[in-house]
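Okay, so here's the structure we're looking at.
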Amino acid sequence: LLGTGTCYQQAKRVLHAAVPDRLYAREKETGVIRQFLREHVCGRQPGSLYISGAPGTGKTACLSRVLLDCKDELTGSKTIVLNCMSLSSPQGVFPAMAQQLGLPVAAGREVVRRLEKQLMAQGPMVLLVLDELDQLESKGQDVLYTLFEWPRLPSSRLVLVGLANALDLTDRSLARLGARLAGSPQLLHFPPYTREQLTAILQERLGQVAGDPVLDAAALQFCARKVSAVSGDARKALDICRRAVEVVELEVRSQTLLKPLPGGE
């Protein structure tokens with residue numbers, strides 16, 4: 001049983017939504033992000049990139065992969081990664097940034113003023129990555145607008161990358177920026193994964209497990225078809241397959257336990 005048990009453990013491990021070495025069907029998007037970082041962070045050109053796409057389309061995984069791959073190129077700059085879900089309010093992004101930049105704690109407008117001054121002073125480029133950017137959108141507050149305005153300030157050293165599920169966030173909250181096209185954010189959209197792409201992702205992950213396939217090819221096709229019809233969310237497809245492996249594993253275990261002993265009645 002040990003042999004079969006470990007193959008299920010392995011299968012569950014490879015089906016986790018971790019950042020893989022290579023992101024299937026996202027070569028174009030990875031290239032755009034890499035080029036943007038080289039141009040703006042390494043080339044010391046302030047700017048902003050807005051990445052949109054439904055959950056599970058690879059936005060965060062792609063960006064994480066590029067940040068890992070370009071680690072050496074980005075050593076001369078300061079990288080700050082914040083998940084906006086973890087902030088208690090949209091304005092919380094400012095003290096969180098200040099803390100990462102080693103600025104003294106200040107409240108309200110004062111922290112915004114200090115950050116602005118800091119980002120226009122001499123120093124290394126600052127790469128600010130804001131995941132779940134939708135969380136910063138709120139009525140009557142200019143948090144998003146302020147952030148996207150900063151790379152456009154004279155002698156700014158801020159490069160901003162925002163990730164969100166909404167496609168029209170920039171239209172809604174940043175309409176004033178769009179009016180002056182010169183510095184409006186570069187847009188990158190991640191489309192939902194197709195059935196073929198999801199099948200290939202699942203096959204590639206499970207292909208790392210030695211021995212006979214743990215899940216049938218037809219089952220993978222079925223899962224990919226269902227998920228692509230609803231959302232094209234790769235995380236969901238990985239999750240469904242992981243649960244399927246757990247079910248198979250339990251069945252195998254119970255059958256092994258119930259088998260009569262050799263020589264017994």
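Glycine is no exception: its Cβ is also placed from the backbone N, Cα and C atoms.
Annotation comment: TrEMBL describes 45-183 as domain 'AAA+ ATPase'.
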Next item on the list: Average the per-residue pLDDT over the domain 'AAA+ ATPase' (45-183) and send me the rounded value.
Entry: 91
Check: Mind checking how the domain 'AAA+ ATPase' (45-183) divides into helix, strand and coil residues in DSSP?
Finding: 65 helix, 25 strand, 49 coil
